[in-house]
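Chemist: I have a structure I would like to understand better, so I am pasting it below and will then ask my questions one at a time.
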Amino acid sequence: MEGGGGGLGGEPGLLQQILSLRLVPRVGNVTDCQRATLCSFPEMWYGVFLWALVSSLFFHIPAGLLALFTLRHHKYGRFMSVGIFLMGVLGPISAGILTSAAIAGVYKAAGKEMIPFEALVLGVGQTFCVLIVSFLRILATL
């Protein structure tokens, strides 16, 4: 187990694969793709979905904590933070699964490989689009 390895036959360990953006473990994978790319549908889907989930939590956790802090003395307002936390998780789980699968399906149908940075951009882009639409909907009600 030198160098953070721990896999079979010199393969990197699970933690090292996740930290190096190789999100889906490749044990005994005999594909033609390069090691630095995501080439199968589950790898692409999982990569985009995880980045969408993490970036959503990155925005919703501070917003929920801010709501909890500012509305802590309000009778019903303090429960608003629970809704914010739930939307930070349920939004990517419900819609993020579908949109990430659609993105991965387009890449797979086109026969393209996805580099991990593309998964990051597409996942964070989904969250950014949701934030823009949410902000514009709230702004329209004022």
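Even glycines carry a Cβ here, placed using N, Cα and C.
Since the structure is predicted, the reported quantities are computational estimates derived from the model, not experimental observations.
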Chemist: If we trust Swiss-Prot, are L38 and L136 on matching sides of the membrane?
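Modeler: Membrane side for L38 and L136, as annotated in Swiss-Prot: different.
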Chemist: Quick test of the contact rule: Cβ under 8 Å, at least six residues beyond the ends. What residues does that give for the topological domain 'Lumenal' (100-114)?
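Modeler: Residues 33-34, 37-45, 47-49, 52, 122-123, 126 contact the topological domain 'Lumenal' (100-114) from elsewhere in the chain.
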Chemist: Taking only the residues in the topological domain 'Lumenal' (1-48), give me the average pLDDT of this model.
Modeler: 63
Chemist: So which residues does the transmembrane segment (49-69) touch in its own chain, when a touch means Cβ under 8 Å and the partner is 6 or more beyond its ends?
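Modeler: Distant contacts of the transmembrane segment (49-69): 23, 77-78, 80-82, 84-85, 87-89, 91-93, 96-97, 99-100, 119-120, 122-124, 126-128, 130-131.
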